[in-house]
Amino acid sequence: MDIKNALSRIVGQLDLTTEEMREVMRQIMTGQCSEAQIGAFLMGMRMKSESIDEIVGAVSVMRELAEKVELQSLDGVVDIVGTGGDGANIFNVSTASSFVLAAAGCPVAKHGNRAVSGKSGSADLLEAAGIYLNLTPTQVARCIDSLGIGFMFAQSHHSAMKHAAGPRRELGLRTLFNMLGPLTNPAGVKHQVVGVFAQTLCRPLAEVLQRLGSKHVLVVHSKDGLDEFSLAAPTFVAELKNGEITEYWVEPEDLGMKSQSLHGLAVESPQASLELIRDALGRRKTENGQKAAEMIVLNAGAALYAADHAMSLKAGVELAHDVLHTGLAWEKLQELGAFTAVFKVENEA
């Protein structure tokens, strides 16, 4: 099926099959479609609403075309990632949580990019922290195998995305591609916490990952609108485990934490996010630093559970709390900076 036929179907509010979606996505991602066609396709898909079959097809093509990171083992390797677009401009919770995971001995293959609508994307934060981003897949694998954490800069691993960049930018709206990033980890992780910008996406994306072979995933959206677990409101979870999907709400109190306002956790820049994270991961904390630490503990705990590194969400949160207060997570961030600096010298020689 070519994109013109697909557009005719979509205008008629008809879904594409998984295979038809694969064909159209392959045309888009290999430069066979005009920008007008891509923009029309993305807008039509949004107005129709993307089906699970269509998302599965799109994800499978992006994974196929990605520059992959080959790890010695995927057992227990986790990613904690969000779609973004929640409008809250909270500091980089998932990226900070990744260093707590690594300090706990849980390997992390972190996938991320620069900010699109927010103030600080994961790549922006890590760059502000002095971490070199332009790594080869082999170098990323060495980071994960040696330190227990590595960062995969999305634009380096999904170069085929450049064909859709113009239409996406000019549309200025959330499209299918906003959902695809968290589902296309170049290391092929089977354990994830995926934050989404709308509760209605939780179950569908859990079903997509179920069909694509994921093992243990939490797809989450908080009642106060965050694409992660919130301290200020209940969080809705669609959990994929043992091939089954269950849905439930989680209150901070269910996990031994206290509900509190998120006031003071919004940031205006990557540097501000880094300063708050340094405060949160350090031994002495300001009031906002303590609150940020609890937000990190909540989300890192969920990822420890998704990685099967903890037996329950509550046990994961307890472990994350203990690890964060050792100061080892901040040390892990500094280790990654030093480790990648060597690769920078190699790559720029």
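The backbone N, Cα and C atoms fix where each Cβ goes, glycine too.
Pulled from Swiss-Prot:
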type    : residues                         : note
BINDING : G82, 85-86, 92-95, 110-118, S122 : 5-phospho-alpha-D-ribose 1-diphosphate binding site
BINDING : G82, N113                        : anthranilate 1 binding site
BINDING : S94, E228                        : Mg(2+) 1 binding site
BINDING : R168                             : anthranilate 2 binding site
BINDING : D227, E228                       : Mg(2+) 2 binding site
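Features as recorded by Swiss-Prot, highlighted on the structure.
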residue: G82; record: 5-phospho-alpha-D-ribose 1-diphosphate binding site; Cβ contacts under 8 Å, 6 or more apart: S94, P182, V194, G195, V196, D227, E228
residue: N92; record: 5-phospho-alpha-D-ribose 1-diphosphate binding site; Cβ contacts under 8 Å, 6 or more apart: S120, G121, S122, L125, P270, S273, I277
residue: T95; record: 5-phospho-alpha-D-ribose 1-diphosphate binding site; Cβ contacts under 8 Å, 6 or more apart: K110, G112, S122, L125, L126, I277
residue: N113; record: anthranilate 1 binding site; Cβ contacts under 8 Å, 6 or more apart: G121, S122, A123, F153, A154, Q155, G181
residue: R168; record: anthranilate 2 binding site; Cβ contacts under 8 Å, 6 or more apart: L42, T175, F177
**Report entry** Three-state secondary structure, G112 (5-phospho-alpha-D-ribose 1-diphosphate binding site) (per DSSP)
**Finding:** strand
Report summary line: DSSP, reduced to three states, assigns D227 (Mg(2+) 2 binding site) to coil
Report summary line: Per DSSP (helix/strand/coil reduction), N92 (5-phospho-alpha-D-ribose 1-diphosphate binding site) sits in coil
**Report entry** Other C-beta atoms that fall within 10 angstroms of the C-beta of S94 (Mg(2+) 1 binding site)
**Finding:** 23
